[in-house]
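Participant: Supplied in structure tokens, the structure appears directly below.
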Amino acid sequence: MLGFLKKPVVVTAEINMNLVTLTVMGLISRLWGLSYPRAVVFDEVYYGQFVSLYMKRIFFVDDSGPPFGHMLLALGGYLGGFDGNFLWNRIGAEYSMNVPVWSLRLLPALAGALCVPLAYQILVELQFSHCAALGAALLILLENSLITQSRFMLLESVLIFFILLAVLSYLKFYNLQRHSGDYFFVTGSVVFFCKVKYMGLFTYLLLLAIAGLHFWHMIGDQNLSNVSLMCHLLARGLALIIIPVAMYLSFFYVHLTLLYRSGPHDQIMTSAFQASLEGGLARITQGQPLEVAYGSQITLRNVLGKPMQCWLHSHTNTYPIRYENGRGSSHQQQVTCYPFKDVNNWWIVKDPGMQQLVVSNPPRPVRHGHIVQLVHGITTRYLNTHDVAAPLSPHSQEVSCYIDYNISMPAQNLWRVEIVNRESDTDVWKTILSEVRFVHVNTSAVLKLSGASLPEWGYRQLEVVGEKLSKGYHQSMVWNVEEHRYGKSQEQKEREVELHSPTQMDISKNLSFMAKFMELQWKILTLKNEDTEHKYSSSALDWITMDTNIAYWLHPTSGAQIHLLGNVVTWASANIAALVYTCLSLWYLIRRRRKIYDLPEDAWQLWVSAGEICVGGWAVNYLPFFLMEKTLFLYHYLPAVTFQILLIPIVLQHLSDHLCRSLLLKSMFSALIVAWFSSVYFVYCTFRPVTYGEPSLSVTELKDLRWKDSWNILIRKQ
């Protein structure tokens, strides 16, 4: 039985030295001097804030993409022992000794380095020669812009890495054509990872389209049975849809689990979300009664949260008798939405059929459809609306607290409670959890935040109006109870200081992960930062010809500086390659329509597949920027130009194989390629000082680098 031990155990392995060499070169180019400069470089001031918040477990919202990319950066900080204590407020600020600069920049640098061997493997999987694949890898290796972007705590290199990894995984699966689908599951996983930023979604859709096209061709294969086709379809659906969605949710779960503390960003979330976080609102709401009852003292927060979070508010001041435009008002007590916590935000829920303003024993809960009166806690006046135009929204009704002037304008202060997120028509109005509308019984108007700021007489607070129900539903019409206590004193002075909280209730247990995820996802997708013109912002048209650059860092005393600048020869060649590919493809298509086949069928399929990946990858990562209303920078073009660079050796090999028919032409073409590649290397070396930030250049040398007048090379005044 032990006879097998008489022979040595032999393990054989094939090592692609091209891959090994390219990987080592990529690591050297990206990791060399990674801690330099030891100062905040451009968008590190932005991403560093999120890393610090991760280290301190403080909740934040960022609209740039899913949390996976931020978690990778935070992982670098965690591995380096970063405690999160650094003030990210200025580009160029020197890092303190507690900031592990090398560790924070490590993962983006590794991702950028691994893009080099990935480029090689993608061209090999596309069935092009190892020489072409080597050329693609070297072009990525010597691309100045990719080097610069990958050497700092930024996410573009991570995005590009996972995009290329997803493409490679799919190509490997497609070439293997295995029924087991093992490689396809790798693809499904990686397709999600390309969503480090939401721009990766377009590459995901491209791969979905290519996979769908390939499956369409499989349907026409008579050698495959119906069962086999169904298995292929299910495998693709599972790998490309179900697994990515599951992983997407899982990273949000980790994100929300890690960030459990309240912080400055949670104010844009609903009260229920805020109450689920440790500290902040949770400290106020802990121990509140859950069910709103007649006699409850409440504050009402508008669910919309725009233009800022605010609470229903009133004060003793009245609307002016006449507005500046000559329109008259009711001269009733003002009702506004106030963006700060204040004693005048408190209201009492009153039963119209009773005079008492305290909670009975046992409490009588308010349910969906009940009629209530809302009494302002400090002034004891009733929330009211009537057929008088609002001050800034004349198409809507004015909302006020009623003052009896003994004129022919009786009070109209009955409101019907409608719970928007109810599960049944008998639901009880709940603290924080219930989202309600208040419908005026007399006029059917809905209590609404218009969002307009009142003039000085209204202290610049936000206007609240009565909007006709027939005009539709909007979050500005929805309110939720944030602070709540059961009123126990009928005396006004005692009521104002009531603090007793009779029951204990933990809101966080009532808010599920899916509820938190849906709210956070909606906020991420709808959150709009104020886009302002930046010194280095640019348009998408500027990127193709690289008419713009970005100064990332400038040494405080010397001429050393770092710029995001691409390799001019490579970018120009990429544009030419895309143009040549498009023209040749149109020519071939026209000729094939005339039954003239210039290429063998396998060569034609190879040419088309390369276009699907490279031209398609460029298009989906570039063209959407023309539809985006956001501040754009040159680094947004890097995923697109990466695909364009991969197209260069593909076009060169095609020209050599199919258009250079004689040995002399092939030799001359090869010589031209060597000369062209030498120019790529020359440009890389020329701009290397502003790619790595050293050595420091003189004023003359810096002026010599300004190859285009539109480039902003920083030159200190002498």
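From the backbone N, Cα and C atoms, a Cβ is placed for every residue, glycine too.
So TrEMBL has the following annotated:
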- 289-352: domain 'MIR' (DOMAIN)
- 363-420: domain 'MIR' (DOMAIN)
- 427-484: domain 'MIR' (DOMAIN)
- 68-88: transmembrane segment (TRANSMEM)
- 100-120: transmembrane segment (TRANSMEM)
- 126-142: transmembrane segment (TRANSMEM)
- 154-171: transmembrane segment (TRANSMEM)
- 183-216: transmembrane segment (TRANSMEM)
- 237-260: transmembrane segment (TRANSMEM)
- 568-590: transmembrane segment (TRANSMEM)
- 602-620: transmembrane segment (TRANSMEM)
- 632-652: transmembrane segment (TRANSMEM)
- 664-684: transmembrane segment (TRANSMEM)
Participant: Which sequence positions outside the transmembrane segment (68-88), separated from its termini by at least 6 residues, show Cβ-Cβ distances below 8 Å to it?
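Facilitator: Answer is 40, 44-56, 62, 95-96, 98-100, 102-108, 153, 155, 158-159, 193, 195-197, 251, 254-255, 258.
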Participant: Which residues of the same chain, at least 6 past either end of the transmembrane segment (568-590), have a Cβ under 8 Å from a Cβ in it?
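Facilitator: Sequence-distant neighbours of the transmembrane segment (568-590): 139, 142-143, 544-546, 598-599, 604, 607, 611, 614-615, 618, 641, 644-645, 647-648, 650-652, 654-655, 676, 679-680, 683, 707.
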Participant: Within the domain 'MIR' (289-352), count helix residues (DSSP H, G, I), strand residues (E, B) and coil residues, in that order.
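Facilitator: The composition, in the requested order, is 3 helix, 30 strand, 31 coil.
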Participant: With DSSP, how much of the domain 'MIR' (363-420) is helix, how much strand and how much coil, in residues?
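Facilitator: Going by DSSP assignments, the domain 'MIR' (363-420) contains 0 helix, 26 strand, 32 coil.
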Participant: With CB pairs under 8 Å as the measure, which of the listed stretches 126-142, 237-260, 602-620, 632-652 comes out on top against the transmembrane segment (100-120)?
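Facilitator: Of the candidates 126-142, 237-260, 602-620, 632-652, 126-142 scores highest.
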Participant: With a Cβ cut-off under 8 Å, give me the same-chain residues at least six positions beyond the ends of the transmembrane segment (632-652) that come close to it.
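Facilitator: Contacts with the transmembrane segment (632-652): 115, 119, 122-123, 126, 128, 132-133, 135-136, 139-140, 143, 145-146, 149, 154, 156, 159-160, 163-164, 199-200, 203, 534, 536-540, 542-543, 546, 548-550, 564, 566, 570-571, 573-575, 577-578, 580-581, 610, 613-619, 621-622, 625, 673.
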Participant: For the domain 'MIR' (363-420), provide the mean pLDDT of the predicted model.
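Facilitator: Across the domain 'MIR' (363-420), the average pLDDT comes out at 87.
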